[in-house]
Amino acid sequence: MSTRMSGRRILRRFSNSISDLLSLQKKTGEGGAEENNGTALHKAAQLGNAVMLKGLLDGKSIWVDEEDGRGRTALHYAMQQSTEVAELLLKAGANADCIDFEGMTAAHIAARDGMVEAFNLLLYYRTDVCSICKSGKTPFDLACEFGQDRMVEGILACGVPWPDLKKAGASHTASALHLAAINGHVQIISILILNGWDIDRMLPIGTALHVAAIYGKTQIVRYLLHAGANVSLANSAGQTAYECAKKNSFNPITNKEIRFLLKPG
């Protein structure tokens, strides 16, 4: 009796997997936002459905690194859904460093979304932590941009040389410190400065203090000033952070306080 019930459960689970897959295929076929011309393997990964995905992999009828309409493999989608699914794909030979049409690897997605276990799995399979996407960002940059504290700390501790995280190559145009400042992530700013990031690193737009002033991030401005940021530095337009706050602020609500904090003398 128990064997019969167990068999029914397995059949029901597999049947549900098929129903889920068909449902998603119907949804994407109606021109929805998820339309990307992916394979059944992509759909199973999007659903986080390990049972269906394993069945497809065992059938060996779909290339594990097949790209969809966005240039993404099933592994890209697995990062957002299930470490179990990601592990199945990697064990089946999935390339951990495949890039989509935006130059994003699975590591970029895992770091951006704070999927620490999935990222650690990629590290085990020797993913390139310093891969640079078309926006000039590494996975570490995205973790800082999206405020993923645990991910940032994990990457710092994973053994990658910190100079590589700061400047991974000629196309690495983003700055983790600036991205954290723009988005108001004080904890990330604190972690970076404590780990040796240059508080006064200059980009054409200016230092982290410049961008915090421009984007109206009062808390970041306060923290950077307390940490010793140089208020007299000028950007490529010859403007100090105070002058940027006067002319370019995106947030009129916080602008007055920021100008007060930055006012010379």
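Each position is counted from 1, following the chain as shown.
Using the three backbone atoms N, Cα and C, a Cβ is placed for every residue, glycine included.
What TrEMBL lists as repeat 'ANK' is 70-101 (among others). Long-range contacts of the repeat 'ANK' (70-101) within the same chain, counting only residues at least 6 positions beyond its ends with a Cβ under 8 Å from a Cβ of the stretch, are 36, 38-39, 41-42, 44-50, 53-54, 57, 64, 107, 109-110, 113, 115, 117-118, 121-122, 125-128, 131, 133.
Within the repeat 'ANK' (172-200), the DSSP-based counts of helix, strand and coil residues read 16 helix, 0 strand, 13 coil. Taken from TrEMBL, the feature repeat 'ANK' applies to 172-200 (among others).
Helix, strand and coil residue tallies for the repeat 'ANK' (207-236), in that order: 16 helix, 0 strand, 14 coil [DSSP]. Per TrEMBL, repeat 'ANK' is recorded for 207-236 (among others).
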Give the mean pLDDT for the repeat 'ANK' (207-236) on the 0 to 100 scale.
97
